[in-house]
């Protein structure tokens, strides 16, 4: 639950509050923006689908970093596990039914989340950060070595997903892939909205605010974090599976430190601890990346670097968080 | 009366220095005991040993008939040994209502649920309101903890402990840092704690101790040097010695 | 035998280069507790400056090193003054993001100015040949790198253990508030340490260019390597950093020789084992 919800809660009738909390408005917004993207950029659906997969990764990172306060630079391990899980199922085992592939991706991501969480959550501070970095590199090198299964640095190809529900073929323009991705994103978003306002979601926020207090309430902080990691892994895994299904290849870059760092940058750009922030950060980052890096990749790096410094200095709550704070201040002045 | 909580021969050394030296204390239901002692007496270490955040070198801790010495901190909480903190530890981004609701959910073993919202449970909401009302926090139900006054945060700290339905409550300086004008509210809240609850309050504030406690334990240099009625504590030579050192022998300090 | 010897020399040279670059990071992290992911970016700047001075201007290797060190420190000072100072006491996430941002900017700007190609720093004739040990010969620049590492270790030891500045530095590392109360101007200590740290990163960047080639993504490629070294050694500990560099350099080099298809697998596996067993690093202080 985010600040605006709290604010509007005091003024709006309970029915509207419930709709907002339940994520219906968010789901609707994603659908509307998604449809707009579909009609505005019909030739760029591949980018939009990539955005959707990335949004799932950033949402997943938000659970760990935004809601629980764990700083990690290795979250792509969970995304990559999902991508390879779904890709290997299709390329080596002939499981090319997209829903099954997605499910396999979610399970693979959850398992990777369990492993990564097991390693990372034992430590704190700098040690934790370094462990997260080591985990993503270890996953990367392991995937590179297991080239018989993963295709190594050439990437895993031969992924030919069937039609969705046996009806909608994955077409050359990526229309089916985009709509499939959008549907996944909406479902996951609603599920996460329910999760973060559930008792367990409150517990997770409690861990971020003060783990000692949570412990004094008789809760094992470590087990809460590990469970969040598993859930987060499933979400990232769905994103990875979507990436495998839509691009029909899985590359080692899906298990890279760079992707992990980029996801963190997107999250912070949008604002941590809010699902909307995660989505907005992803869209803004990827849109500008696509536009600017087409001109010159190094200009893009300079601009995103400067933007990051600006956000840290002047808008630590991110774009969404700062906007919410502004609206709140404006409302309070009016009241 | 039967003993509900007992510490037997508890010992802890830090690098050869006995910070807790053979401490034994017993509490019965309904007890109102204050643990006092000069700075460095080992009060904080004692609390950490009891709550399970530190491991003792020897000795035992009992709750009811169970030896809980080797249990982890969270397990002790689930058995009803609850503490409050000297420095307020709250979830600053959450409201008092959410704090208390989360504590009740945890007590009921429901805090791991991944669906639903506490506000959809009338019985729980009823209890949340009762507890908040008891501490005069009902009006602040939906304001974030970081926006409420420090005295009220202290009250919420106690409310949170109470929502976990403790059998034994360790209060670590419940009025620390609260302006004089607001301590009365905290005292009043302490007076209304459930009658069968065993309370061990750790504090410096002698006025509060004398008004609250029916029994006083004095800890000095890791050892219990006094365990008895409040009216006897001031007259006790060892206590005077511990607090005043050589001044105690010098007669009038003026 | 030949292989063992080659591995040992390469490991030692690589470890020493890592040490020269990382030791400054270790000192500043022990002192200011800033997770500085941009540390490698300064080594990269130095590499570019040295390449420009030695190759494009033809000023020679020694002048290249000097210009690179001085130039990098001059670039770094305003960054410390205006950006890093705001990070003292901030959360790790904030520090990580800010320093990633700085790294991105450095990469972008360096490539805008110098172009996206690999930069070489021409070695002087004395370092191009090999040194004959009687039974084996070693590439001279490897020997130079090892000597540089030893000199830096000794010089730092002298600076920290034997000078008045060292006393202030150690006091500030132990307890900044107490040191300030005793009249140590901690912000001056911070600024000087930062400058020394950047100077060493610059030196390491130039001297190590044969082993860690200067190219556009240098700062990103080695971004975490230096951080990992500091974490494994223990922030603020010179012997710890030296030990970590030698151990990690040995593991990495051995892995590359004997099982190249595993890449950095063993390096990071070792990191996980060491950091899990020693959360404060091999020789880190127990107090956080």
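Any Cβ shown, glycine's included, is placed from N, Cα and C.
Per TrEMBL, the features are as follows:
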| type | residues | note |
| --- | --- | --- |
| TRANSMEM | C:6-27 | transmembrane segment |
| TRANSMEM | C:34-54 | transmembrane segment |
| TRANSMEM | C:60-84 | transmembrane segment |
| TRANSMEM | C:96-118 | transmembrane segment |
| TRANSMEM | C:138-160 | transmembrane segment |
| TRANSMEM | C:190-212 | transmembrane segment |
| TRANSMEM | C:224-250 | transmembrane segment |
| TRANSMEM | C:265-283 | transmembrane segment |
Spatial neighbours of the transmembrane segment (C:96-118) far in sequence, C-beta under 8 Å, 6+ residues away = 34-38, 40-42, 44-45, 48, 51-52, 79, 83, 86-87, 90, 213-217, 219-220, 223
The transmembrane segment (C:60-84) and the transmembrane segment (C:190-212) contact flag, 3+ Cβ pairs under 8 angstroms | yes
Restricting to the same chain and to residues at least six past its boundaries, which positions have a Cβ under 8 Å from a Cβ of the transmembrane segment (C:224-250)?
-> 11-12, 14-16, 18-19, 21-23, 25-27, 29-31, 33, 35-37, 39-40, 153, 156-157, 160, 173, 267, 270-271, 274-275, 278, 280-285
Test the contact criterion for the transmembrane segment (C:34-54) and the transmembrane segment (C:265-283): 3 or more CB pairs under 8 Å, pairs 6 or more apart in sequence, then answer yes or no.
-> no
With the transmembrane segment (C:190-212) as the reference, find which of C:6-27, C:138-160, C:265-283 contributes the most Cβ pairs under 8 Å.
-> C:6-27
